[in-house]
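**Student:** So that we are looking at the same thing, I have put the structure below in structure tokens.
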Amino acid sequence: MSSVKRSLKQEIVTQFHCSAAEGDIAKLTGILSHSPSLLNETSENGWTALMYAARNGHPEIVQFLLEKGCDRSIVNKSRQTALDIAVFWGYKHIANLLATAKGGKKPWFLTNEVEECENYFSKTLLDRKSEKRNNSDWLLAKESHPATVFILFSDLNPLVTLGGNKESFQQPEVRLCQLNYTDIKDYLAQPEKITLIFLGVELEIKDKLLNYAGEVPREEEDGLVAWFALGIDPIAAEEFKQRHENCYFLHPPMPALLQLKEKEAGVVAQARSVLAWHSRYKFCPTCGNATKIEEGGYKRLCLKEDCPSLNGVHNTSYPRVDPVVIMQVIHPDGTKCLLGRQKRFPPGMFTCLAGFIEPGETIEDAVRREVEEESGVKVGHVQYVACQPWPMPSSLMIGCLALAVSTEIKVDKNEIEDARWFTREQVLDVLTKGKQQAFFVPPSRAIAHQLIKHWIRINPNL
């Protein structure tokens, strides 16, 4: 009985595929209305109805099947998708239909379970306490409080020192220089020459406030240890270094900032991004007049009384963040990933493709556009994974998995230098053996590395 059922099903599948190949939409509709599960059924050679319609040049059938939710990412035994077939046979209209159809069915190898994770630059020591930014009296009192911590920047580079025991065989830690009021009070006396940002208060209540008992009136003590970022000019920075020989300004930012402890890196990401904004917006973007710093460093106020920016809330008055999509593009069969490289990269380094989101664009559309612009590969399903602040100067890297619906690579040399498909085995070797391989990927503190590892983890049996 089971063999009879199998034979009957095979006959129906064959009729369904033949109607797609012949362009018989009436017959196709009739079969599908009685047996909707046939939509993505494959023949012995792995072909679907969508592939047969694409091969034989029937755009109306392709459109119909797409509207029914047909999976564009299925790969036949020749490793082709429906889009690959349409491109090979020169059916441009069908290729455009397949390439521009948004979304698509989630492939079997992508899980719904995406755990929230904290990437490098996203952890912090501080509670930002944004409600205190308008309290000028509180901020002023905290500036001179003996427990307050100041971190110094010059040209956006943080002042650091090497921690650890000199007799230790371990690599010394790069730590932020945590300064106090007496270290920097001369700079605070010249507000026109500095940029001061309130970063927040320490999350953990520590005993160090007890060390200053009696120095601050009890009624003024709230138990909060404030942190500020202080930007000074290069001349002042050089003078400071001469007085503090154990400290130095950490540069260039990449890869130097990746040496910091994770929670200190989060503080630097916050401070560096806001300081970078101030360095670029000394004058009002609306009228060109001079501006002044307000709200603990989180606003610039135009000094021209009739400036339109003073009426209402305007994004030009507040620190900006630039959203960037970064995506691990997965081959339609799930066994390979697409990585690319720019000319400025170290020799042999490949990473996930990335690009800025344009105005009026969704995350998903930005992923599809950027991948096609840089590599020529078409993308269907897009799934968010995680994000990472990236203070170069102030980006938010939005990490996604993207399922390719085509496989041919056509690199735009104006965008990137190279792009290639890499097998899971190749990527695993790189992650375990590092630079001993023919190529390498970014370090573990970059979200690209985490996206690549995420793809490896969800495909253990491929």
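Every residue gets a Cβ built from N, Cα and C, even glycine.
Below are the features listed in Swiss-Prot for this protein:
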- A354, E374, E415: Mg(2+) 1 binding site (BINDING)
- E370: Mg(2+) 2 binding site (BINDING)
- 319-453: domain 'Nudix hydrolase' (DOMAIN)
- K185: N6-succinyllysine (MOD_RES)
- K292: N6-succinyllysine (MOD_RES)
- 11-40: repeat 'ANK 1' (REPEAT)
- 45-74: repeat 'ANK 2' (REPEAT)
- 78-98: repeat 'ANK 3' (REPEAT)
- 355-376: motif 'Nudix box' (MOTIF)
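Quick one: where do these features end up spatially?
**Tutor:** Counting every protein chain shown, the Cβ of E374 (Mg(2+) 1 binding site) has 23 other Cβ atoms within 10 Å. In this structure, E374 (Mg(2+) 1 binding site) is part of a helix by DSSP.
In sequence order, V325, M327, L353, A354, G355 are the residues near E370 (Mg(2+) 2 binding site), counting only same-chain partners six or more apart with C-beta under 8 A.
For the domain 'Nudix hydrolase' (319-453), residue counts in helix, strand and coil come to 33 helix, 50 strand, 52 coil, using DSSP.
For K185 (N6-succinyllysine), the same-chain residues lying six or more positions away in sequence with a CB closer than 8 A to its CB are S144.
Listed in sequence order, the residues of the same chain lying 6 or more apart from K292 (N6-succinyllysine) and placing their CB within less than 8 Å of its CB are R300, L301, L303.
For the repeat 'ANK 1' (11-40), the list of distant contacts is 47-50, 52-53, 55-56, 58, 60-61, 64-65, 68-71, 74, 105: same-chain residues at least six beyond its ends, Cβ to Cβ under 8 Å.
Among residues of the same chain six or more beyond the repeat 'ANK 2' (45-74), those with a C-beta under 8 A of the stretch's C-beta atoms are 16-23, 25, 28-29, 32, 36, 38-39, 80-83, 85-86, 89, 91, 93-94, 97-98, 101, 104-105, 107, 332, 380-381, 403-405.
Broken down with DSSP, the repeat 'ANK 3' (78-98) shows 14 helix, 0 strand, 7 coil.
For the motif 'Nudix box' (355-376), the model's average pLDDT works out to 96.
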**Student:** Relative to the Cβ position of A354 (Mg(2+) 1 binding site), how many further Cβ atoms are located within 10 Å?
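**Tutor:** For A354 (Mg(2+) 1 binding site), the 10 Å Cβ neighbour count is 24.
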**Student:** Enumerate same-chain residues with a sequence separation of six or more from E415 (Mg(2+) 1 binding site) and a Cβ-Cβ distance below 8 A; give 'none' if the list is empty.
**Tutor:** E373, E374
**Student:** Give residue numbers and ranges for long-range contacts of the motif 'Nudix box' (355-376): same chain, 6 or more residues beyond its ends, CB-CB under 8 A.
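**Tutor:** Counting only partners 6 or more residues beyond its ends, the motif 'Nudix box' (355-376) has Cβ contacts under 8 Å with 99, 102-103, 322-325, 327, 329, 338, 340, 382, 384, 398, 400, 402, 404, 408-412, 415-416, 419.
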**Student:** For K185 (N6-succinyllysine), just give me the three-state DSSP call.
**Tutor:** helix
